[in-house]
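Student: Okay, here's the structure, questions in a sec.
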Amino acid sequence: MSQSYINVIGAGLAGSEAAYQIAKRGIPVKLYEMRGVKATPQHKTSNFAELVCSNSFRGDSLTNAVGLLKEEMRRLDSIIMRAGEAHRVPAGGAMAVDRVGYAEAVTAELENNPLIEVIRGEITEIPNDAITVIATGPLTSDALAEKIHALNGGEGFYFYDAAAPIIDKSTINMDKVYLKSRYDKGEAAYLNCPMTKEEFLAFHEALTTAEEAPLNSFEKEKYFEGCMPIEVMAKRGIKTMLYGPMKPVGLEYPDDYKGPRDGDYKTPYAVVQLRQDNAAGSLYNMVGFQTHLKWGEQKRVFQMIPGLENAEFVRYGVMHRNSYMDSPNLLKQTFQSRANENLFFAGQMTGVEGYVESAASGLVAGINAARLFKGEEAIIFPETTAIGSLPHYVTHTDSKHFQPMNVNFGIIKELEGKRIRDKKERYEAIAERSLKDLEAFLNS
């Protein structure tokens, strides 16, 4: 086995972060990426760390678990966080990025790093020539997926997720929508398409009866809740969407609103939110409207939304299969394979769900691969931190019921002592403890 470099397979968010962290520690990296030679069903470019679903890194507040995770990653010099900050677009209290500018920045930095050799091509075998980080993502090629599944006795898990449509802003009827963030948090960053009860019921009927694109007959539908197709959500009940992406709470009509409304109500019956998708502000995505409807049906149904009667869809929603591993049985908390300590895994394939979480797992795997290379012991981040709670969750949960997981305060170790009843105060206390513990851990 070579002790002159480390392999990183896959240049998505996790692989890009892992490669950066390894090279930062003075170790040569061979970074393999098949895009540019072979396409995936979902990616649009050959850029590293491409965002294929939303352009949002979600909430930025420390009272939000993903906001805490991002702050921890900033303190660990995350390339994904740094590039994201440099290419932010308005999103109220959330962190959203210009997906093209951000991905190009990550790609350029890694390609120009003298310690990183970028190799474009498909890897079909698990390498055994050097310490290796596999971060090929939920869209892992079939050939390599077979080898990874063999580690689990041939048992593979999978689920479907979907991407939301993107709209040309110039085709939105601005007379029927209004600019506002929920509860007026941060700047008014979302375009809101309000619906009356009558409009919502007609929309719900059209959505639940629209024709979906076919699935392969051998693949069972198994959705991750965080990226569920809107039509699947709608079929769960007439009001399900009203507690999800079409929730109207905190999105009151502006004083000068002259469109239709239900009586004297100050809040619409339902709201579809559109979020800026690029730095120029010319594209908007439909928040929470991941879908697997046929493209013609998407146009017909979504043009029923007030303000979108003549909307031009620059990208229709699509759905794809996402594979993930039996991490509780296959991985250590360091993201090392239980069967081979020279093999690391990172990203959504490990069962962490979300852009930020994927990058965080790559950060941990990259640090530990570098430590192993140098003959040092792999580290386990404190379970009191967000970045420590994720690897603990995916490697310690019940394998029989293992599902992909976003970071949340429920998986971070509880505070000691008397429970703080106020949720905001409790989350603030957890965040304060997490950052203190991370600092102490890094200085130990």
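Cβ coordinates are placed from backbone N, Cα and C, and glycine is handled just like the others.
The FAD binding site annotation in Swiss-Prot covers Gly10, Ala11, Gly12, Leu13, Ala14, Gly15, and the record cites sequence analysis as its basis.
For each listed feature, how buried is it and what is near it?
Tutor: Taking the Cβ of Ala11 (FAD binding site) as centre and 10 Å as the limit, one finds 33 other Cβ atoms among all the protein chains shown.
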Student: For Ala14 (FAD binding site), what residues in its own chain, 6 or more apart in sequence, show a Cβ-Cβ distance under 8 Å?
Tutor: Ala135, Gly137, Ala346, Gly347, Gln348, Ser358, Ala359, Ser361, Gly362, Ala365
Student: For Leu13 (FAD binding site), what is the tally of other C-beta atoms lying within 10 angstroms of its C-beta?
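Tutor: The Cβ of Leu13 (FAD binding site) has 32 Cβ neighbours within 10 Å.
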Student: Using a 10 Å cut-off, grab the number of neighbouring Cβ atoms around the Cβ of Gly15 (FAD binding site), all chains included.
Tutor: 31
Student: Starting from the FAD site formed by Gly10, Ala11, Gly12, Leu13, Ala14, Gly15, give every other residue of that chain whose CB sits within 8 Å of the mean position of their CB atoms, in sequence order.
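Tutor: Everything else in range on the chain: Val8, Ser16, Glu17, Ala18, Phe48, Ala49, Ala135, Thr136, Gly137, Ala346, Gly347, Ser358, Gly362.
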Student: Let's check the environment of Gly10 (FAD binding site): how many other CB atoms sit within 10 Å of its CB?
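Tutor: For Gly10 (FAD binding site), the 10 Å Cβ neighbour count is 30.
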